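Colleague: This is the feature table in Swiss-Prot:
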type	residues	note
BINDING	19-27, 38-44, 67-71, 125-128, 155-157	GTP binding site
LIPID	Cys214	S-geranylgeranyl cysteine
LIPID	Cys215	S-geranylgeranyl cysteine
REGION	195-217	region 'Disordered'
MOTIF	41-49	motif 'Effector region'
Amino acid sequence: MTHRVDQEYDYLFKIVLIGDSGVGKSNILSRFTRNEFCLESKSTIGVEFATRTTQVEGKTIKAQIWDTAGQERYRAITSAYYRGAVGALLVYDITKRQTFDNVLRWLRELRDHADSNIVIMMAGNKSDLNHLRSVAEEDGQSLAEKEGLSFLETSALEATNVEKAFQTILGEIYHIISKKALAAQEAAAANSAIPGQGTTINVDDTSGGAKRACCSS
């Protein structure tokens, strides 16, 4: 979802949070949008979203962050919300190996439903629980590189790298949008320079000295 608006913000970007239930997606959302953390947060039911407006290279970007439930029974519901997303944060819990093992399944589902140009970052969350770690940071980095994703370890509790993760995603999206806009402008300029394109005004002399304007394209 990329809308151009001239009042409150320049662009609206839809970003989805995906990953297994319990990896901390809701707290990542609340940390980024409200700078809050809830120790007793419950599992998301269905889909929730929140927004935050931020600056990217002088442009005002409104980030619309969708928190998609990780439970199996909501998968059919959440798949519909991939449509229109231009960014995704794929989250696993560094203390639970199974959530990391499921990353490829989430990635496959995302790529099946989302736009092929979607910007994806993988985040190993709960880095504050390093003493309980079951997924090495190198494993996360290696998988991300293999799949062509950005990667960070985050802590919603300590607010570590949460801001950086979203700013990186938003920055990459903005660069893609800017390149597309520039390419479109260059294509339009090239087309206008080609003879025979557009509207031509022909002025013909008539026998009475009057002039007639004929439009042809």
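Positions of Cβ are set from backbone N, Cα and C atoms, glycine also.
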Colleague: Could you say which of the binding-site residues Asp67, Asp128 has its Cβ with the most other Cβ atoms inside 10 Å?
Modeller: Asp67
Colleague: Using a 10 angstroms cut-off on Cβ to Cβ distances, just flag whichever of Val23, Asn27 is the loneliest among these binding-site residues.
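Modeller: Result for the binding-site residues Val23, Asn27: minimum number of other Cβ atoms within 10 Å at Asn27.
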Colleague: On the 0 to 100 pLDDT scale, where does the motif 'Effector region' (41-49) sit on average?
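Modeller: Its mean pLDDT is 69.
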Colleague: So, three-state DSSP: helix, strand or coil for Asp128 (GTP binding site)?
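Modeller: Once the DSSP labels are grouped into three classes, Asp128 (GTP binding site) ends up as helix.
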Colleague: Based on DSSP, name the secondary structure state of Asp67 (GTP binding site): helix, strand or coil.
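Modeller: SS state of Asp67 (GTP binding site) = strand.
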Colleague: Suppose we draw a 10 Å sphere around the Cβ of Gly19 (GTP binding site). How many other Cβ atoms does it contain, all chains included?
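Modeller: The Cβ of Gly19 (GTP binding site) has 25 Cβ neighbours within 10 Å.
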